[in-house]
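Shown next, in structure tokens, is the structure this report addresses.
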Amino acid sequence: MPGPATDAGKIPFCDAKEEIRAGLESSEGGGGPERPGARGQRQNIVWRNVVLMSLLHLGAVYSLVLIPKAKPLTLLWAYFCFLLAALGVTAGAHRLWSHRSYRAKLPLRIFLAVANSMAFQNDIFEWSRDHRAHHKYSETDADPHNARRGFFFSHIGWLFVRKHRDVIEKGRKLDVTDLLADPVVRIQRKYYKISVVLMCFVVPTLVPWYIWGESLWNSYFLASILRYTISLNISWLVNSAAHMYGNRPYDKHISPRQNPLVALGAIGEGFHNYHHTFPFDYSASEFGLNFNPTTWFIDFMCWLGLATDRKRATKPMIEARKARTGDSSA
């Protein structure tokens, strides 16, 4: 588990628990025109999200013309920020907080929470709760980004509409006590907006300008806007492409696939058939030489003594499952 429940009373932020519980219902409201959802439900379009995401992607396209004019250090910095933000999602919100596939000591949890704010993909609590719903109710109406509704919906469209009522109702029934018990999760949620402004936009922009004299214009569009847009789309490919394209050597009866190209961009998160078959496995991929920087990072943290109790599917368990339900592709 991410953190001991006994820590909950040691910090003056207990009211954050109530804010989190209130957040469970925050996606229900909203007005605006409606569109058909799954099984005929009408879902309100969130026009603010449509406009902001459209502007973000237009900004990213414009950023491409600035690349030849930027200093090489700025491009390296943007890539470093991409990797840092990615770890906040993959090693943090996903493998640590959503699946509890390993334990992390307080310094590592703080680092991952800060990195997660740089990713700006919802706070740890909401991300983890929705991801647990995605696994428990995969590709049903209770799945926040149900791939059965098509590539566009599972990639980005799910962010353009209010959550399906099944996502809200089933989400309330999930056990999230471990998330509520972790002060790092509560504090990050309480101060999420300011942490996102600082970590996703201010810090990535100011470092190139202040340290090696990059223009603020180039710094903002390359290290913030372009980097953030690429980061979002690579993460979304796990929800879309990795549920549609690839083989299924572990379970042919589920939609998630092995997609090495997604794994390459998402630092190890594309071995999705394996992950949905063995969600408790901290590596999210089978033994071997798979490209999985997130696993390498967790292993390094264990070597430093900052992470422990890595959970792993055994080789006999994996082979037995492949023989029973795999598609014989591996």
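Every residue, even glycine, has its Cβ placed from backbone N, Cα and C.
Under the heading topological domain 'Cytoplasmic', Swiss-Prot lists 1-49 (among others).
The Cβ of ASP130 (substrate binding site) lies under 8 Å from the Cβ of ASN122, PRO144, VAL167, GLY171, each of which sits 6+ residues away along the same chain. What Swiss-Prot records for ASN49, ASN122, ARG129, ASP130, ARG162, LYS163, TRP236 is substrate binding site, and it gives similarity to another entry as the kind of evidence.
Among the features that Swiss-Prot reports, transmembrane segment is placed at 50-70 (among others), with the record citing sequence analysis. For the transmembrane segment (50-70), the residues of the chain that approach it from at least six positions outside its boundaries are 156, 159-160, 214, 217-218, 221-222, 225-226, 228-230, judged by C-beta separation under 8 angstroms.
Sequence annotations record features per position, and here Swiss-Prot assigns transmembrane segment to 73-93 (among others) based on sequence analysis.
Positions annotated as motif 'Histidine box-1' by Swiss-Prot: 94-99. Mapped onto DSSP helix, strand and coil, the motif 'Histidine box-1' (94-99) counts 5 helix, 0 strand, 1 coil.
Under the heading topological domain 'Cytoplasmic', Swiss-Prot lists 94-193 (among others), citing a curator's inference as support. For the topological domain 'Cytoplasmic' (94-193), the model's pLDDT averages out at 97.
The C-beta environment of HIS131 (Fe cation 1 binding site), restricted to residues of the same chain at least 6 apart in sequence and closer than 8 Å, consists of ALA93, HIS94, SER98. Look at HIS131 (Fe cation 1 binding site): DSSP puts it in a helix. Under the heading Fe cation 1 binding site, Swiss-Prot lists HIS94, HIS99, HIS131, HIS135, HIS275.
Only residues 6 or more beyond the boundaries of the motif 'Histidine box-2' (131-135), in the same chain, are considered here, and those with a CB under 8 A from a CB of the stretch are 93-94, 98, 142-145, 167, 170-171, 174, 176, 239, 276, 279. What Swiss-Prot lists as motif 'Histidine box-2' is 131-135, and the listing cites a curator's inference.
The annotation Fe cation 2 binding site is assigned in Swiss-Prot to HIS134, HIS243, HIS272, HIS276 on the grounds of similarity to another entry. In sequence order, GLU139, ALA147, SER154, SER255, PRO256, ARG257, HIS272 are the residues near HIS243 (Fe cation 2 binding site), counting only same-chain partners six or more apart with C-beta under 8 A.
Marked as transmembrane segment by Swiss-Prot: 194-214 (among others).
The feature transmembrane segment is assigned by Swiss-Prot to 216-238 (among others).
What Swiss-Prot records for 239-330 (among others) is topological domain 'Cytoplasmic'.
Residues or ranges marked as motif 'Histidine box-3' by Swiss-Prot on the basis of a curator's inference: 272-276. Per-class residue totals from DSSP over the motif 'Histidine box-3' (272-276), listed helix then strand then coil: 5 helix, 0 strand, 0 coil.
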By a three-class reduction of DSSP, HIS243 (Fe cation 2 binding site) is assigned helix
By a 10 Å Cβ neighbour count, the lowest-scoring of the binding-site residues HIS135, HIS276 is HIS135
Students should find that the Cα atoms of LYS163 (substrate binding site) and HIS275 (Fe cation 1 binding site) sit apart, in Å rounded to an integer, by 24
Across all protein chains shown, the binding-site residues ASN49, ASN122 give the max Cβ-within-10 Å count at ASN122
Sequence-distant residues near the motif 'Histidine box-1' (94-99) by C-beta distance (under 8 Å, 6 or more away from its ends) are 2, 109, 112, 124, 127-128, 131-132, 179, 182, 185, 269, 279-280, 282, 284, 294, 298
Same-chain residues at least 6 beyond the ends of the transmembrane segment (216-238) with CB under 8 Å of its CB atoms are 56-57, 59-60, 62-64, 66-67, 69-71, 74-75, 77-79, 81-82, 85-86, 89, 119-121, 154-156, 200-201, 204-209, 259, 262, 265-266, 269-270, 272
Top of the binding-site residues HIS94, HIS99, HIS134, LYS163, HIS272 by count of other CB atoms within 10 A is HIS272
